[in-house]
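Colleague: Pasting a structure below so you can have a look.
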Amino acid sequence: MNDDTPEILPPKLDLPALDKNVFEFRALKNSFLTVFVWVIGILASVPLFSVIFMLIVEGGSRLDLEAVTAIPPAGFETGGGFGNAILGTLIMVAIASAISIPIGIFAALYLSILEPSSKVATISRFLSKVLTGFPSILAGVFVYAVIVITTGTYSAWAGGVALAVLMLPTVTLAAEEAMRQVPQKMKDAAYGMGCTKTQVIFKIVLPTALPGILTGVILAVAGAAGESAPLLFTALFSNYYMSELAEPTASLSILIYNFSGMPFENQIELAWSASLVLVFLVLFFNILARVVGRSKFRD
Amino acid sequence: MTTKSDMGEFIAKAYQPKGPVVLDCQVKNIYYGDFRAVRDTHIPIEKNKVTGFIGPSGCGKSTVLRSMNRMNDLIESFRFDGSIHYHNNDIYNKKIDPVVVRRYIGMVFQLPNPFSMSIYDNVAFGLRLNRFQGDEEEMVVQALKRAAIWDDVKDKLKNSGLSLSGGQQQRLCIARAIATEPDVLLMDEPCSALDPIATRQVEELMIELKQHYSVALVTHNMQQATRVADVTAFLGVDISQGGRTGYLVEMDDTKKVFEDPQQELTQQYVRGEFS
């Protein structure tokens with residue numbers, strides 16, 4: 001090697017710039033899509049929040065003790081409220097729950113544990129799924145024909161049964177799903193401890209599935225509380241507090257329907273307040289469902 | 001020394017038990033529907049010993065084990081032909097209530113299966129089931145101690161049983177199974193889902209447990225059988241009939257089975273030539 005041969009230096013590496021470049025094409029595309037998704041997300045929640053906002057603005061002003069306890073005012077009266085409608089809604093939902101929850105849970109036991117693949121189970125599971133999409137007004141018409149006509153009067157009973165018809169498939173399917181998710185290994189363990197089938201169901205399957213069952217039940221209750229169509233021809237409406245279950249009964253949803261169409265300022269204000277109460281009621285049940293849906297002993 | 005069955009099939013030489021027998025299991029045939037899963041298998045479970053079941057996959061060792069407390073009754077197509085004598089009762093007699101059988105013949109499963117309850121309630125479950133009148137807490141603590149898990153859980157008895165690690169869950173299941181003081185403990189590959197350390201702990205526990213209980217242990221791990229079992233039954237698979245029917249090939253003291261097996265098939269298996 002000669003001394004006068006020039007030393008060959010390694011070429012200077014042409015490192016690409018590692019700094020962030022917001023104007024680079026992919027970075028631009030990324031920022032654009034991020035903004036786009038945010039905007040769409042906000043747009044999607046606009047209807048929900050505007051409804052709640054409007055209800056609070058319009059209904060909040062009249063929401064006081066009188067509104068939730070007094071009976072509905074007549075034509076040109078001022079004041080009044082919808083206490084009887086709140087009570088009516090609660091009682092009819094309670095009747096509906098008392099009918100549909102036990103039947104739904106036992107039906108779910110049959111569908112998920114006792115005879116999951118029998119013909120009866122397959123057919124009733126299919127019919128339950130069909131019934132979840134059942135137009136609610138038809139439940140009202142059905143109960144009108146079966147109960148209102150035979151007893152000769154509109155009643156809280158009939159309203160409760162109509163709501164129960166709507167709740168039953170929801171409760172059944174949710175409870176079936178919850179029970180089906182109880183792992184076989186837990187049932188095996190219980191049989192291995194010397195449990196009878198009844199004990200396995202009451203000590204393991206139902207307690208383990210309880211959060212799921214309750215979630216389904218409460219969502220069904222929330223749905224029923226907001227229904228108006230099935231109550232139109234079953235419970236009708238009443239301007240007074242109920243004195244017995246076998247008489248026409250007021251409900252929040254029907255009160256809103258009636259009052260919002262009236263030409264009186266007072267009634268329209270009350271309809272807004274009643275809507276707000278109804279939304280709170282449904283919201284309360286939904287939040288309750290989320291809270292009880294958390295099992296204490298998860299892994 | 002071997003005999004042949006009516007159908008000309010191999011039948012293992014009968015094992016002569018050296019101590020009292022708690023559960024005398026004589027399987028003629030076990031069917032799942034038309035499928036013959038096990039045939040001609042006579043396995044006596046001796047008192048205060050660990051009886052190991054080894055054999056290749058599909059040889060029916062778990063099926064035989066699960067027949068011993070009638071867990072297989074839960075499978076609809078299951079049919080049992082033979083007898084299993086427990087204290088002079090054939091547990092397959094029509095008069096016998098399988099629910100009662102399972103209270104005396106406890107079971108630990110392959111996958112740990114604690115209930116979604118607190119650790120304490122898991123162990124107390126069997127006691128409450130039997131309307132136990134004595135000191136529940138004392139029995140729970142004793143079961144947890146015997147199952148060698150007390151130190152791990154004593155400060156969190158109210159926590160979920162499902163919050164424990166796999167090895168702890170399995171020991172919790174063992175505690176649950178022994179809390180009601182069963183006679184026999186059936187263990188269906190109890191370590192197959194556990195890591196080596198947890199496996200070691202459960203194996204040591206099994207050796208402890210045989211002081212109080214008689215243990216029948218299905219294992220896929222031959223080393224485990226040599227470490228834990230006093231007596232070992234080797235089951236093989238008979239493919240001559242078209243299906244895959246399992247049967248007893250050889251049963252003897254564990255040492256004898258592993259060091260001086262009498263059957264060609266056993267020799268090949270313990271040498272690890274097939275599994």
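Using N, Cα and C of the backbone, Cβ positions are placed for all residues, glycine too.
This is the feature table in TrEMBL:
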type     : residues  : note
TRANSMEM : A:35-57   : transmembrane segment
TRANSMEM : A:85-114  : transmembrane segment
DOMAIN   : A:86-289  : domain 'ABC transmembrane type-1'
TRANSMEM : A:126-150 : transmembrane segment
TRANSMEM : A:156-179 : transmembrane segment
TRANSMEM : A:200-225 : transmembrane segment
TRANSMEM : A:270-289 : transmembrane segment
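Structural setting of the listed features?
Modeller: Counting same-chain residues at least six beyond the ends of the transmembrane segment (A:126-150), those with a Cβ under 8 angstroms from any Cβ of the stretch are 157-158, 161-163, 165-166, 168-170, 172-173, 227, 229-234.
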Colleague: Restricting to the same chain and to residues at least six past its boundaries, which positions have a Cβ under 8 Å from a Cβ of the transmembrane segment (A:270-289)?
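Modeller: For the transmembrane segment (A:270-289), the nonlocal Cβ contacts are 52, 55-56, 58-60, 62-63, 67-68, 72-73, 80-82, 85-86, 89, 214-215, 218-219, 221-222, 225-226, 252-253, 255-256, 259-260.
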Colleague: Between the stretches A:35-57, A:156-179, A:200-225, which one has more Cβ pairs under 8 Å with the transmembrane segment (A:85-114) than any other?
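Modeller: Between the stretches A:35-57, A:156-179, A:200-225, A:156-179 has the largest tally.
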Colleague: Restricting to the same chain and to residues at least six past its boundaries, which positions have a Cβ under 8 Å from a Cβ of the transmembrane segment (A:35-57)?
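Modeller: Here the qualifying positions are 272, 275-276, 279.
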